[in-house]
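TrEMBL lists A:100-129 with the feature compositional bias 'Basic and acidic residues'. Taken from TrEMBL, the feature disulfide bond covers A:Cys75-A:Cys84, A:Cys115-A:Cys124. Taken from TrEMBL, the feature domain 'CP12' applies to A:60-129. What TrEMBL lists as region 'Disordered' is A:1-60, A:96-129.
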Amino acid sequence: MATLSSLSLAAPRATANVPDSKNGGLVKTPYLNQPWKRVSQMGSRRMQVMRPVRAAPDRISEKVEKSIKEAQELCSDDPASGECVAAWDEVEELSAAASHARDKKKDSDPLENYCKDNPETDECRTYDN
Amino acid sequence: MAVPTVCTTQSLSSTCSISAPAKTHLGFHQKQVVFYRRTTKRGGGSCVITCSAADSQTVVIGLAADSGCGKSTFMRRLTSVFGGAAEPPKGGNPDSNTLISDMTTVICLDDYHSLDRTGRKEKGVTALDPRANDFDLMYEQVKALKSGIAVDKPIYNHVTGLLDPPELIKPPKILVIEGLHPMFDERVRDLLDFSIYLDISNEVKFAWKIQRDMAERGHSLESIKASIESRKPDFDAYIDPQKQYADAVIEVLPTQLIPDDNEGKVLRVRLIMKEGVEHFSPVYLFDEGSTISWIPCGRKLTCSYPGIKFHYGPDAYFSNEVSILEMDGQFDRLDELIYVESHLSNTSTKFYGEVTQQMLKHADFPGSNNGTGFFQTIVGLKIRDLYEQITSSKTAASLEATKA
């Protein structure tokens, strides 16, 4: 018992659900023995929460992929039909949109974007004289 | 800046008073209609007083090219020649295609699609097909903007493929309409003060699209090739014929300096300029109207492989008389650029080295080391010159009218 409490005192990062160990001796807490596991578990949990928010270029990339598959399917029957041509035109349009999104993302600096809309905030003030 | 405003009363009653301020929240270039209701027991008539600013002339430029052919790069170079960076309208739809700077507003003609993506899929029609575009609305709105009236322009969202609620566009000093069909409709064509067509040859187009799309998941060489091939019939039928109407055509071909080159890095670019266009004088080499072949690399200038080759001469293009300035090769160093610029005439620069300076300002843009960027910059300067000529001639005319 004394070892348990000393363990919990010595390792303040240990989570509260330290299991009550009847063996005494080694405490089989995955977090204490392998702290890297704890970090990654917390990380993956955080990532799961963030999943619904996706950056625009990824969304467009998925659309491009889907449209290519669709076009290839439609055109396998009749390459000269209106549907096939319209499908490949859609692929072209989405590829162009994806390329523009990539360029925009490459150029954009988060601080510059924020300061463009809020020039009076402390981070964005400029002193010219 | 003194703005002469002309106010005319279109009413027979003499008790109307003119109380129209010269400047409204909508800006100078605004046709302003003020209604004044006479408060008498007879139930009033109302007088209409229209005030129009005399300098509300909007110069309209048309730019045509297929998708992925450098329209956006050209737009950025053009707006930079006039100063300032063009940005999407603040506080509006984030997927808006419009770009606004101090002097220019760039409108993407995709906003005049009459069918959205699902509509086109149902009908089996591409965006290149005139049936997918509303030319009547395009004509109405460009005409309105040209006469100084603001319009509510629809927005075509390229991400969702839907037509979004319209945005307000105020008439700018220079309006650029870029897209697939600026010169397709005859009425719109007559509104354009200057028109440009970017003609990219098939091999170069293929190379550029590979560069653009290979980074995209899902794309392969076959899918890129299939996409180009299947759009080609519509492109040849509807878009390509517009080049005969353009005042300037920038034609991009594979180089002739490297035999069997298929990388598409070195390009041969031809600037085809129509003769006899008002306010536009073509660029020439050494002697206007003669035929010149020029290799600048030699004793005074050393160039690396494959070097630079120029050609200039008069020609006929679709039964129009034209002058063609052609550049094959690449610029590697600053002194090559300035050397070439100093030997060209009629470039409409305001100071020695302006073309070079503009090219260096945007050294990260594609085409900054070859004829595409070079000629795009020169066309930008020509448009500036055209704008200044038109505005000075209009103010001169209005001053004469007020004197008389």
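Cβ atoms here come from the backbone N, Cα and C positions, even for glycine.
With an 8 Å limit on C-beta distances, the disulfide-bonded residues from A:Cys75, A:Cys84, A:Cys115, A:Cys124 that reach chain B are A:Cys75, A:Cys84. It is A:Cys84 that, of the disulfide-bonded residues A:Cys75, A:Cys84, A:Cys115, A:Cys124, has its Cβ surrounded by the most other Cβ atoms within 10 Å. Rounded to a whole value, the Cα-Cα separation of A:Cys75 (disulfide bond) and A:Cys124 (disulfide bond) is 53 Å.
Annotation note: A:Cys84 (disulfide bond) sits in a helical segment as assigned by DSSP. Cα of A:Cys115 (disulfide bond) to Cα of A:Cys84 (disulfide bond): a span of 46 Å.
For the region 'Disordered' (A:96-129), the DSSP counts in helix, strand and coil order read 23 helix, 0 strand, 11 coil. Between A:Cys124 (disulfide bond) and A:Cys84 (disulfide bond), the C-alpha separation comes to 51 Å.
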